[in-house]
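Features reported for this protein in Swiss-Prot:
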{"type": "ACT_SITE", "residues": "D125", "note": "active site"}
{"type": "BINDING", "residues": "L74, C75, H76, M110, E111", "note": "substrate binding site"}
Amino acid sequence: MPEFTHINGDKVQMVDITAKGEVKRMARAEGTITLRSDTVAAIRTGTVLKGNVLATARIAATLAVKQTPQLIPLCHQIPIGAITVDFTDTEVSITAEVTVTSYGRTGVEMEALTGVSVALLTIWDMVKSAEKDENGQYPVTGISDIRVIEKIKG
């Protein structure tokens with residue numbers, strides 16, 4: 001059975017990282033939102049009524065990375081060195097990729113994952129009126145495949 005460092009019996013605790021050495025850390029995460037092709041086209045051409053979808057999602061991802069310890073209770077507050085947010089698209093999807101670097105005692109995976117999640121949620125929020133069907137449902141829209149694709153320590 002794997003060892004869970006955040007659990008001690010029936011108690012939940014923040015892991016003590018004070019004895020760890022400080023090294024450069026990097027994590028890259030990605031995730032995808034599936035949309036109607038007309039919606040992706042509107043994002044590409046900048047004709048979404050709420051404004052520039054990807055610029056807004058980039059800002060939201062950056063803010064989310066910096067707020068991760070307030071959202072995930074056992075995450076350490078760590079100094080963030082850099083945040084990069086990139087988007088790629090297909091005819092029916094947009095993939096967000098967030099890279100976070102730090103120089104510290106613990107990794108930045110949760111920060112990268114949080115950034116990706118909030119970027120994708122922001123995209124959904126900005127285009128939801130175009131994604132709903134006549135019943136107010138989202139038959140096409142979905143967020144998937146959020147994962148860490150690279151991690152470097154040292």
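Every residue, even glycine, has its Cβ placed from backbone N, Cα and C.
DSSP assigns H76 (substrate binding site) to coil, not to a helix or a strand.
Max Cα-Cα distance over the annotated substrate binders (L74, C75, H76, M110, E111) is 12 Å. The CA atom of C75 (substrate binding site) is located 26 Å away from the CA atom of D125 (active site).
Cβ-based crowding with a 10 Å cutoff singles out E111 as the top-ranked of the recorded positions E111, D125. Cβ neighbour counts within 10 Å, taken over all protein chains shown, single out M110 as the most crowded of the binding-site residues L74, C75, M110. All protein chains included, H76 (substrate binding site) registers 15 other Cβ atoms within 10 Å of its own Cβ. Geometry remark: L74 (substrate binding site) versus D125 (active site), CA distance 28 Å. Note: the Cα of E111 (substrate binding site) and the Cα of the residue listed as 'active site' are spaced 21 Å from each other. A separation of roughly 29 Å, to the nearest angstrom, links the Cα atoms of H76 (substrate binding site) and the residue listed as 'active site'. Those residues of the chain, other than L74, C75, H76, M110, E111, with a C-beta within 8 angstroms of the mean position of the substrate site C-beta atoms are T68, P69, I72, I78, T106.
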